[in-house]
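Below is one structure, written out as structure tokens; comments come after it.
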Amino acid sequence: MNVQQTQQQQAMAAQQQSMVAQQQQQIAQQQSAIAQQQIAQQQQIAQQQQIAQQQQQHQQHQQHQQQHQQQQQHQQQHQQQQHIQQQQQPQQQQPQQQQSQQQQQQHQQQQQPQQQQPPQQQQQQPPQQQQQPQQQQQQQQQQQQQPQQQQQQQQQDQLSGVTGKIRDLNESIWIHLGGYAESIGEQDKALASYENALRHNPFSIKALTQIASLFRIKEQYSKAAEYFQRIVTIESKNGEVWGALGHCYLMMDDLQKAYTAYQQALYHLPNPKDPNLWYGIGILYDRYGSYDHAEEAFTAVLKMDNKFEKSTEIYFRLGVLYKHQGKYDQSLEYFQHLVKNPPLPLTTSDIWFQIGHVYELQKEYHKSKDAYEKVLKDNATHSKVLQQLGWLYHHNPLFTNQEYAINYLMRSIDSDSSDAQTWYLLGRCYMTQQKYKKAYDAYQQAVYRDGRNPTFWCSIGVLYYQINQYRDALDAYTRAIRLNPFLSEVWYDLGTLYESCHQHTDSLDAYQRAAELDPHNKHIQSRLATLRAQVSGKPIGKDGYDLQNGEHGEHGGKSTPMIIEPNSPGTGAMESLGKGGQNNRNGNNNGNNSFVPELAEINSHLPEDMRNNSSLPSSNELNSSLIDRKTERGRGEDMHNSHHSQYSNSMSMNNMNNNNNNMNMNNNMNNNMNNMNNNNNNMNSMNNMNNNNNNINNNMSNNNNNNHNNHQMNQYNNNNNNSNINNNNNNHHNMNDNVNSKNNDVLDRRYKGILEREKTSPNGDGRDNRDNIRDNRDNRDSRDGRDNRDGRDSRDRIQEYTREYNNNNNNNNSISSINNNNNNNNNNYNNNNNNNNNNNNNNNNNGLRATSPLPSHNDRRSYERDNKERINNNNNNNNNMNNNMNNNMNNMNNNNNNSNISRFEHQNNRTSSPFENNSNNNNNNNNNNNNNINYNNIGQRALSPQSSQHKDRREIILDEESDINERSKTRSPSIVKEAEEKRETVIVDKERSPTPIITEKPDEKQVEKVTDKESSLVEKVDKENEKESPSSSSSSKEIEKETEKEKEKEKEKEKEVEKEVEKEIENDKEKEKEKEVEKDVEENKSVEKSSEKPVEKESTTTTTNDEDEEGELSEPTTTTKKDDSSKLPTDEKKLSSVSPTTTAVEQSRDETKELEMDTKEDSEKEKKSSTTTTAAASESVKPIDEEKKSPTTTTTTTTNTTTVEPTHKDKESSKNDDTTTTTTTTTTKSAKSPNSSPTRSDEVVEPHQDASQEEINKRKLEDDITSTPSKRLKPDSTPSSATTASTPSEQPESPLKKENPVGETLSPEIKDSKSSSSSSSSSSSSTNTGSSSTNSSAKNERDRDRERERERERDREREREREREREREREKNKQPTRAPIKPSSRKLER
């Protein structure tokens, strides 16, 4: 059957072609005949034109002849007149008659014109008579030409008739050809034939209508409308053309012109019941949103013609209308009727999509999901179905899954990236995940594609509101209201914005406007009732509570804004649907959207991993970006690619923080291992040295002691490491708690002065303070958001907490690195502190950037730039920590090696007794162990629970000012001059004083006696240590009782010190005058006594250091040291006259007063400490900065000068020159009183916490004037050695601990030089000195331990007081003032 049909069709096509060929032949014959006729007519016309030309030439020749004859006649007449005038004049012979004749002639001449006129007329009459026959001739000629002209007109009429027929024939031929081409389906050839027809007749209505209909079929509605408009100008009463024109305007979205065209069609049509016309009118009403009128129009079409060609399309549109009207059952009936016969160009998948959406609106989510999945089986890239499934997984409470929702939406974007609705829904999904940066990017893409959708701007305002950018939220809400002021949701969101800033009057206005637009919304009504009750102060009933937003009014948390539901798909007209059924129209439908479940309430503060996402560009930047859409597609691709990857910047930041923590732990472990290795090396070196000297017994005792010390050191280090980790965690939790408690204050104060209206939040009685707010406006920068106000803001408090938090963490890190520095010198210690300070600064910047409120006018690129800065800062911190660790390791290794080498060389150069070797080893080991304990104590004290708390703001300021003042001291020109003068005086003393060198060897017998006594003393010391060790674990209650008593004494002591400081400032001027006189007197005495007999001077070690890394000059330091093995008879008066420097007298006067107070306190403390000791003694020991001096019964003086070359140079610090040291040993004779006790060099007299800044400045001024050691540091010698001058180098205190002055710590080089000098001097000592030195050293060590324990207790008490004051300040600052919002909602209505 199919073959026969095809054959028949082919035969029919062949017949049609033959018919067309015959018609073409006939048309060609007709055209040839018409062409021959035209040629003949043209020849006739040419002949007639030649004849007419000949006749015209003949007539012109006759006219020329007549004109020539007339000219000749006129000349003859003129000659005759002249002859007559000559004859009329008489001859005048007589002179008398001449006058009369002249008069007469004049009279005649006057009369001549009158007399001559008639003859002239007579003369003129003949030419007129001659012209009459000429006119007659012309008339005759014209009469002869009239038949010729008539013939010509007749011929022209015939020609025009022929040409018109030819045009009509051509027009009809081209129209027939166009119709035939259109029937075949070749629309382009049909258009060309119709245009050729218009060339022959530009007013051909048939050709114009056919061209317009073809353009309408091609959906080129603009061109179709042009041709229909040309037809209407020709025939203004054509109703069908008006209807077609209205349909074209409807497809062009020009609804107003479409409406007027449909009106003209109804007026001019003879029968207005045209189904096509009412079909177009129904679409027009659908576009306007008047669904009732559209329903009437579509039902009227079906009544007019049951078999209307677009009936299925009308069923589809009625189903969509019923869905919008809420008639879901009727809508499902129409859609199910169309499943088997969908209207073109729709498919069954599009119908199932609409069915699934209806089920979704009925909240039958499982049926809806099944319908959507059916669509995906047929078409896996259906963009609208993927969009709706993503939204279903987003808001459906039964199977909510944001990851699935985002996945479906991204697939929808892959298939159709131009749909703004999909980008909008993607932003909503990111909002629920609190990924605000991604949500912002998605909303931005939606606004790029549809910038006049108020729904998008409302959601952008909600985004800004959630991240507390209130100004930008206000801008977005106002933009949405300008686009559509009849959305109740936007007004409600605006009310929540006002309410969050406690501007209740404006909030009430916004809520009232929302209630007017949506009076049936219970949520708005309840919120309005609760707010009115809060303003009026009336109690709120159960019905007035807003459970979703908190039951405690404004203290229950900020209310959550209402979100507008996105428009349903498929609401547009049928012509807006593409091949796949995608509807890209996102109209708002006049606010007929329903509410959806609100977002969960988000805390005002963000977690650490989300803080980088909180800083977004402002609404102004978003508005400016809409103008430039060059990067629209690129940004969409970037957004799509960023979905499948995490934020690399945030991950890198977290990795950097983890690396820092790991490095800190590794540093602590390495430090412990290095400490153990160093101690083992010391033990090995001691064993080798003792084996060489054949002293097995002494070696065993030393090894036991060292093992015991090493075990304690390992315990200290382990405890310190554990406390490092615990305190870091505690600080972290404390910091989070502080930020959480203060965040609400920041949010309210940060945006003070947002709106234009100057209002304040109402007080308890509901009154406004509008005048006061004008004085409290913020002059803040748009970038960093800093408040320039006199009072302390909550933002300042958060900055302080972050700074303290970072300082504590960095201090812990620096302490863990300091535990490794057993033998570091002063320069290395300062370098480590400087590096730690750099780390503090970098981390402070990072902390402030993370926790500060969001700026309202950030650059879009600031987020990437901030990430780069954070990464660079972390890299710098890691490099600094690595450098510190390497420097510390190198210093330890070099110092240990140098010490071993120097000892070995010293033993090989001379023969020493076993006692000397043992004493050297003991001294060296004590130095190493004491230094280790010193640094461990520093770490433990800094890591104590009290120190982990935050510092007070006042203390931070004082610390910063003290550091600045001390640095300015070292750089001041006055101190530089004093340093030069001291150097000159030291050089002069060296030249004057003779320095005899001792080369005698000790007797072997005396040495053997001393060794026996020494071994017995060592055993006693061990026993005492064992007894004291269990007593060190006393209870903490006894410690607190002792600290309370000591606290009262310290207060009294501090008051006395303050009084003394005031007195000393007044006496400074007098002392300066006395200095000059005393210098001259002392110099004269020293010269005279040195000439009488050589006196051996006290050992002074002066070191001149170059500038350190920071370029600060350090003064030459002089330190004194006793040699217990030396004994020479001297007198105090002689020693007072042999002072090596000029500042001895000043120092003695300043120190005597303080020493008297110290001796009294120490005597009382010794009694208490003998019975009970602190528990902290078993865990940590106070650092030993210098050896103390004790009273002895006999005194000896020896002198020895050596020049020591530097043995080690730090890689990081600046290279120092050769240090010249002069060492002399002295011992003074003094009576041993029961009240006397050794002084403490490391004790610091700190001012009370309530001490004013003026008192601290006075002490600093005093230090500058007198150039003596700071009054905060106690003297380093006893009253008996007051004349021994010491000028410690003034250096800035460590930021970790103020109580450990850097100027008093000894470098490894100096310690080695001291140990060598002590060993050299011991060769000339006697046996008695050994016994006395051992007794004094044992007592001194006990005293030192007791003093250290007391100082620890004092530190703990001070920190407790600081904590109490902080708690008081926190209670005062719990209720900060709220910030107002300025412009009212009433201005937005304008």
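Placed from the backbone N, Cα and C atoms, the Cβ positions cover glycine too.
According to Swiss-Prot:
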type     : residues  : note
COMPBIAS : 540-557   : compositional bias 'Basic and acidic residues'
COMPBIAS : 582-593   : compositional bias 'Low complexity'
COMPBIAS : 632-641   : compositional bias 'Basic and acidic residues'
COMPBIAS : 745-803   : compositional bias 'Basic and acidic residues'
COMPBIAS : 917-937   : compositional bias 'Low complexity'
COMPBIAS : 977-993   : compositional bias 'Basic and acidic residues'
COMPBIAS : 1000-1029 : compositional bias 'Basic and acidic residues'
COMPBIAS : 1037-1099 : compositional bias 'Basic and acidic residues'
COMPBIAS : 1136-1146 : compositional bias 'Polar residues'
COMPBIAS : 1219-1228 : compositional bias 'Low complexity'
COMPBIAS : 1277-1289 : compositional bias 'Low complexity'
COMPBIAS : 1339-1374 : compositional bias 'Basic and acidic residues'
REPEAT   : 206-238   : repeat 'TPR 2'
REPEAT   : 275-308   : repeat 'TPR 4'
REPEAT   : 312-345   : repeat 'TPR 5'
REPEAT   : 420-453   : repeat 'TPR 8'
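For the repeat 'TPR 4' (275-308), the DSSP-based tally of helix, strand and coil residues reads 28 helix, 0 strand, 6 coil. Under DSSP, residues within the repeat 'TPR 2' (206-238) fall into helix, strand and coil as 26 helix, 0 strand, 7 coil.
Within the chain, the repeat 'TPR 2' (206-238) has long-range Cβ neighbours (under 8 A, six or more residues past its boundaries) at 171, 174-175, 178-179, 182, 187, 190-191, 194-195, 197-198, 244-245, 247-249, 251-252, 268. As a whole-number mean, the pLDDT of the repeat 'TPR 8' (420-453) in this prediction is 93. Across the repeat 'TPR 8' (420-453), the DSSP tally of helix, strand and coil residues reads 27 helix, 0 strand, 7 coil. Broken down with DSSP, the compositional bias 'Basic and acidic residues' (1339-1374) shows 34 helix, 0 strand, 2 coil. Across the repeat 'TPR 5' (312-345), DSSP assigns 24 helix, 0 strand, 10 coil.
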